Amino acid sequence: MTAISKGAVGRVSRPTAPLGRRLAGLAEFPMAFPAIALFALFELLPTVLAVVYSFASLDSFGTFRGFVGFDNYVRLLSDANSVRALGVTAVLASVGTVLINVIGVGLAVLLNHPGTIYHLYRAAIFYPFVISGLVVGFIWRAILNPDGAINSLLRGIGLPAIPFLSDGNTALATVIGVTIWNSLGVTVILYLAGLQTVPAELLEAASVDGANAWQRFRKIVWPLLGPTVTINIVLTSIGLLRTYDLIVSLTGGGGPAGQTETIAYRIISLGLAGGQVGQSSAGAVLLFLATIVLAGVVLLLRRRNEDIT
Amino acid sequence: MVMQLKRSRALVGTGILLAGVMALGGCAATETPEEPQEVDWYVNITGTLTEAVYQSVIDDFNVEHPNVTVRLLNSGGQDYATFLATLVASGNAPDVVGSTPITPDNEEQFVDLSDEAWAQEAAAEPGLGQAGLFGDAIYYVPTAYQISGVFFYNKTMFEDAGITELPTTWEEVDEAAAALKAAGYVPIATSGGFVPGAQLRMQAYQEFMDDGDQWLEDRYAGDATFVDSAWQNVLERTQRWIQEGYVRSDALGLDYGTVAADFATGGYGMFPIGSFLNANVDQATDPADIGVFPLPSSSSDDLPPRAVNPTMGWSVLTAGRHEDAGRTLVEFLSTDSDAINILVKADGGLSPYTSFEMSPLLTELQDLGDASTPISFERGDNVPPPGFPQGVLSLSQKLFTGSSPADIAAEMDQWWTSNVGQ
């Protein structure tokens, strides 16, 4: 009964668009078609194929050999290397996201001033982001390897070398550190853009009322930065979940002993070098689902927070 | 029967008619030009195996087969196998391919050449010829090989350390390492990446071959394990090298290219690795005086077995569009001595079929190869499962992070069980 009345109300209350506007809407479709077609071809189709392949057996040439149910998922999740790669990715994504955003907000606040020197600082911080992750990895590998610039310097002054890349415990920390260096630029720029939207009058009024810098930040700036924080957390965490290129070049594919192997690297390694296309696709589907869930949870929490405030 | 009779009469009639036409035309007995054919040849272009090298082989081929147009395809910098899979999946499979691992999982993709007399003859050759056999099928005939594992050593460092005899047992390798360390050198080279796994595999396979074992077959059948096998012996030996300081404890932070370049210019005493390292030594600007000696073998044979990776073997893909021309090209590449010479020389491989001037180091390697029985341990039905190098051999790196050989061997068995069964 309720459903019928709701539907009836909805039907009655919904305004009908004029015929001209509806025709205009139809006319817009052909204009959007190229973008829709490209999206379908390069995003939607591969995603659907990955889902299909994840339930199939394929040879190393990618030739279909029949469906195997959830066998690829079971094998993937019972493989110690893949489970470890999931753990490494979780640590990298969570620690990396927190640190990139905390440091990003801090630097953005420090750099949110007019003047040439601040522009220079911003450019310097943004610069690493424009370098390919692969190149970043090679550069830092040259600096941090056991015979690299830093360790040669340390040995030269009589200090012991630091196993940045050769010890399982420090290698992941090194990967996180280099990732932060590489990704910080865009985060800072987004926070700077967010800070520009905070009305100066509000801050002035708070100052007049006796609020100190921390109180102004906590009570005015931080709440107004909310949407930017959400965007940054979603972008950073999704980016870190897909970390691949840095692993190839910085740790030679997840070394030492797989301690820095991410799930994205494992997916590609299984599918291309290992010829296990089915397991690789199962990993890709799991990563895809994890990304959707993560983005959904962050957006949901953000929306709930906005409703409360 | 009546049909056959009619057909033979028709053939005789046609023959007489053709002969009459030729006679009437006064034509001499010239050969009819063969029908034009095409073939797509997918190759791996490297710094030494350049497009020009392949083109010179094609030019030779065209002297014998002027009607066949060979189109050269390469991966354009992408991984060879990955790009090949892309070509096949997209319906653009080449006809002839090389350097492609053939496994029970993908052998349907390759044309069985066992009906070709030349392939049967080549495969009948002991050693390298047999490396292309897959049960009764012949998917390719390798013409060259790389020795999977040898000890490259620095002659000057050996002299400085007072080592006068090259090691022939593992105990003597350890003694040489101790002497090198005492003389202030880093005795044994290793690195991160594929190297620890390759070093583990080369030593284990040598032990299996010495014992006449078919370990892989036994492992598939569930009759063998990694634990308490040559794998565990080698892991224990490597652990000893780490504990004694014969290898750098931070070696996993180094990449193969850096270590190979360091070794070539005098950074280490010994480097147990595949014969492919000779290219790094030969190309170094100021190379150290490097020699080779074989992995210790307990075999009493005059020609002890050596694990090799067959190279320069060519296959015809079933998904290709020109199988006949593909077979013709593969026959030429597998039997023409000039073509074999050109390709093997450029690749830096070893081969019983070649005769070109070699560098001193390559000559030493060839002598070592000639004094061995080359065996492709991972061949035909006797190949490890997909993912073996990534899944199992990377575990060998755990020796550097404190795991025990027994635990690592047990983990290898776990990997096998969850991926293969048994």
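Glycine is no exception: its Cβ is also placed from the backbone N, Cα and C atoms.
Residues annotated as domain 'ABC transmembrane type-1' in TrEMBL: A:86-298. Residues annotated as transmembrane segment in TrEMBL: A:31-56, A:85-111, A:123-143, A:171-193, A:220-241, A:282-301.
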**Prompt:** Looking at A:31-56, A:85-111, A:123-143, A:171-193, A:220-241, which one has the highest count of Cβ pairs under 8 angstroms to the transmembrane segment (A:282-301)?
**Reply:** A:220-241
**Message:** Ranking A:31-56, A:85-111, A:123-143, A:171-193 by the number of C-beta pairs under 8 Å to the transmembrane segment (A:220-241), which range is first?
**Reply:** A:85-111
**Complete:** Top stretch by Cβ pairs under 8 Å to the transmembrane segment (A:85-111) (candidates A:31-56, A:123-143, A:171-193) is A:171-193
**Prompt:** In the same chain, who gets a Cβ under 8 Å from the transmembrane segment (A:123-143) while lying at least 6 residues past its ends?
**Reply:** 107, 111, 149-150, 165, 174, 178, 181-186, 188-189, 243-252
